[in-house]
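TrEMBL annotations:
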- 20-44: transmembrane segment (TRANSMEM)
- 36-281: domain 'G-protein coupled receptors family 1 profile' (DOMAIN)
- 56-80: transmembrane segment (TRANSMEM)
- 100-119: transmembrane segment (TRANSMEM)
- 140-159: transmembrane segment (TRANSMEM)
- 165-184: transmembrane segment (TRANSMEM)
- 223-248: transmembrane segment (TRANSMEM)
Amino acid sequence: MSLIGEYPCTNVTPPTVLSFTTASISILISSVATVGNFLVLLTVIVDPIKNLRSPFIYFLANLALADLSVGLVVAPLSAIYHVSEGLKTHLHQQIGNYLYFPYFIACTTSLVCLIILATDRFVAISYPIAYVAWLDAIKSFLISGAVWIISAALSVIYFTVGLNIYRFVFANTAITVTFAVLLFTNIKIVRSFRAQVRQWDRLHDSSEENIAKKRALKWEKKMVKALVIVLGIFLACFLPSCVCIYIINLCSTCNCVFIHSIRDAQLLLVMINSGINPFVYACRMQNFREAFKVILSREKLKGQHRITRAVSEGGLPTATTEVANS
């Protein structure tokens, strides 16, 4: 019933409840991913406390941009696709390519960004002098731009081989390679941290230079913790997604209701990852938390100023004018 290269249930309509449920979840993901990732990008651009100017932060912003594209493009298209499917119209057959092409671009970009983030921390901790000397803002932007170009170029292959083959190859290459790189770099990072901590513990040096180094290491440790959580969430979303792809392609005894459910679950799991990432930054990284607070407090203050100005200009009734009018 299931063959690699062709979706096994193309001619079988999924249950209406399933289609509308997937559409509803897609709308929710769209809202969360759009707001959360927009806030991350706004925070990096505004940088109210002037401590979000580093290659690592720029790479995080690029990941947020990929996740924002899921919220603005992929999730809304998913909602339209599944509403059409639930209403038994043919619109979903026409917009399938418009859904999956940006979906694969966003997925590939997210995976490559995670690889870059992990590699960035590994190099910064293992080879700090070479890292500072070589990587600057311009190179960070060039690398980020190259990620999008490569992701778009790879996603074009989808039009040639079809959805099922590309999805299966994607699961066996992109996700596997990403997992291998993340595992390798995180093991190396942990070992490097332990070595540096042991070295400084032996020195017991209270000099100003060593105190500064310890502060820098503490800061690096916080960023790595945030990265590890992001990677953990990635595994929680992409590993089940991988299993879903294998079931779709290799299960010859599964009925179509189950296959359709697995198909929708696979799509939603990947999109959920884009909605969770920004909250990891806000919760785990102190500089992001502080910047968020400053931006939100400014907006609150602006709102209060607008109300005060409206009252003073007579735009809103005050207690005095209400008494006078009565």
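Glycine is treated like the rest: Cβ placed from N, Cα and C.
A Cβ distance under 8 Å defines the sequence-distant neighbours of the transmembrane segment (56-80), meaning residues of its chain 6+ beyond its ends; these are 22-24, 26-27, 29-38, 40-41, 44, 91-92, 95, 98-99, 102-103, 105-106, 109-110, 113-114, 116-117, 120-121, 124, 137, 140-141, 143-144, 147, 223, 267, 271, 273-275, 277-278, 281. If one looks beyond the transmembrane segment (223-248) by at least 6 residues along the same chain, the residues whose Cβ comes under 8 Å of a Cβ in the stretch are 2, 7-8, 56, 114, 117-118, 121, 125, 164, 167-168, 170-171, 175, 178-179, 182, 186, 189, 193, 254, 259, 262-263, 265-266, 269-270, 272-273, 276-277, 280-281, 284-285. Mean predicted confidence for the domain 'G-protein coupled receptors family 1 profile' (36-281): the pLDDT average there is 86. Within its own chain, the transmembrane segment (20-44) is flanked in space by residues 52, 57-58, 60-61, 64-65, 67-68, 70-72, 75-76, 78-83, 86, 264, 267-268, 271-272, 274-275, 277-279, 281-282, 288, 291-292, 295, which lie at least six positions past its ends and keep a Cβ under 8 Å from the stretch.
Among residues of the same chain six or more beyond the transmembrane segment (100-119), those with a C-beta under 8 A of the stretch's C-beta atoms are 56, 59-60, 62-63, 65-67, 69-70, 73-74, 77, 143, 147-148, 150-152, 154-155, 158-159, 163, 166, 170, 174-175, 177-178, 181-182, 185-186, 189, 227, 230-231, 234, 267, 270, 273-274. Beyond the transmembrane segment (165-184), the same-chain residues lying 6 or more positions past its ends with a Cβ under 8 Å from any Cβ of the stretch are 4-5, 104, 107-108, 111-112, 114-115, 118-119, 157-158, 231, 234-235, 238, 241-242, 245-246, 248-249.
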